[in-house]
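Pulled from TrEMBL, these are the features on record:
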{"type": "BINDING", "residues": "HIS205, HIS241, HIS274, HIS310", "note": "heme b binding site"}
{"type": "DOMAIN", "residues": "44-157", "note": "domain 'DOMON'"}
{"type": "DOMAIN", "residues": "168-365", "note": "domain 'Cytochrome b561'"}
{"type": "SIGNAL", "residues": "1-21", "note": "signal peptide"}
{"type": "TRANSMEM", "residues": "236-257", "note": "transmembrane segment"}
{"type": "TRANSMEM", "residues": "277-296", "note": "transmembrane segment"}
{"type": "TRANSMEM", "residues": "308-329", "note": "transmembrane segment"}
{"type": "TRANSMEM", "residues": "341-363", "note": "transmembrane segment"}
Amino acid sequence: MGKIFNMFLYIFISCFALSYAQSCNNYTFSTNQIYATCVSLPVLNSHLHWNYHSNGTVDVAFRHTGSTTSQWVAWALNVNGSGMIGAQAIVAVTSPSGAVRVYTSDVNNYGTGLEESSLSFDVPRMTAERVNGDLVVYASLVLPNGRTRFNHVWQVGPVNNGVLSMHSMSPDNRNSVGEVDFITGQMRAGGRSGDVSRQRRRNAHGVLNVVSWGVLMPMGAMSARYLKAFNIANPAWFYIHAATQTSAYIVGVGGWATGLKLGSESSGIKHNAHRNIGIILFALGTLQAFALLLRPKPDHKYRFYWNIYHRSIGYCVIILSIVNVYRGLDILDPEKKWKNAYTGIIMSLGVITLLCEALKWFIVVKRKNEEKRTHAGTNGSNGANGYGQSV
């Protein structure tokens with residue numbers, strides 16, 4: 001039975017692979033050009049067709065399906081590196097009228113507007129066309145240094161009022177890199193270790209800041225506000241509060257440091273609001289750490305003002321932290337479930353806060369009423385004793 005199942009599974013996979021290949025190789029170009037090799041790229045609905053010639057040139061056709069007139073499309077070889085920086089790109093832009101402009105662009109920084117410029121190798125021919133929703137870029141390349149194996153990049157982004165804008169930072173857009181061998185036809189998805197390492201630092205930056213500023217900081221504030229309402233929790237609430245906030249600050253400094261590192265590696269990419277809020281949070285968090293060391297004693301005349309300062313800064317930190325976490329999630333653009341998970345955590349903390357606030361006021365009011373009754377009973381007892389003595 002197991003052998004029969006394996007046989008059917010093998011047949012199914014083979015048929016799927018064959019149909020997948022046919023969907024690429026059987027495409028008919030408007031020029032009736034036939035390409036010996038075709039690969040369907042793993043993301044962004046793109047395909048690469050080519051013919052390699054023994055004189056070191058290659059004719060390529062890059063095809064992006066489902067293209068719109070408000071998009072730019074680019075395919076590039078990176079001769080000396082991987083990823084975006086150093087990419088030698090062929091860019092196609094569709095005008096609202098449907099006409100397609102194609103040109104070359106040497107990408108040398110993350111802030112590029114894909115301006116037209118010459119490449120490090122010759123491109124004797126390039127054209128582009130739109131056919132039934134597909135944008136097809138044709139080019140002949142003189143491969144440099146007799147090489148046939150390169151890192152390549154492909155990308156799609158928006159055009160606003162004729163200006164090319166930055167592409168999305170979705171997982172598909174970040175993973176549109178790979179390696180191509182024009183002789184063997186071998187294709188490897190993904191970038192080099194440097195790209196993988198950079199993505200890991202992005203993820204680490206996000207996780208550290210979500211855990212520290214976005215979760216631990218609000219929890220530390222809640223412990224201070226609500227635990228001290230219980231006499232039995234005194235002075236344990238203070239140590240819990242101090243330990244939670246100190247842990248949040250230490251982890252947050254790690255997230256802040258990774259953010260600085262990412263910023264230094266990404267010249268040209270500016271997330272000014274996210275960066276500025278991060279700097280403000282680090283400064284306020286550092287002030288709170290020093291405030292703990294300079295805390296006056298409970299009966300000191302300046303303790304009232306210190307409390308106002310400490311609580312005001314603390315609530316500002318919490319609000320800014322949550323805002324900046326959402327800004328960071330929009331930049332990192334992970335799967336939607338991660339943003340939903342953080343939203344669920346914040347909503348849960350909000351519900352717990354409301355319940356704790358109601359319980360705290362119930363305890364405070366009850367305690368004050370008991371103190372009033374005790375005080376009234378004491379005064380009545382003293383008055384009765386005094387009356388009897390006067391008699």
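Heads up, the Cβ atoms here are built off N, Cα and C, so glycines get one too.
If one looks beyond the transmembrane segment (236-257) by at least 6 residues along the same chain, the residues whose Cβ comes under 8 Å of a Cβ in the stretch are 204-209, 211-213, 216-217, 219-221, 223-224, 227-228, 230, 278, 281-282, 285-286, 288-289, 292. Here the binding residues for heme b are HIS205, HIS241, HIS274, HIS310. Their largest Cα to Cα distance works out to 27 Å. Annotation: HIS241 carries the greatest number of neighbouring Cβ atoms among the binding-site residues HIS241, HIS310 [cut-off 10 Å, Cβ to Cβ]. Comparing the binding-site residues HIS205, HIS274 on other C-beta atoms within 10 angstroms of each C-beta gives the minimum for HIS274. Packing against the transmembrane segment (277-296) from elsewhere in the chain are residues 209, 213, 242, 245-246, 249, 252-253, 256, 259, 302-303, 306, 309-310, 313-314, 316-317, 320-321, 323-324, 327: each is 6 or more residues past its ends and has a CB under 8 Å from a CB in it. Shown for the domain 'DOMON' (44-157): DSSP residue counts in helix, strand and coil, namely 3 helix, 63 strand, 48 coil. Taken as a whole, the domain 'DOMON' (44-157) shows an average pLDDT of 87 in this prediction.
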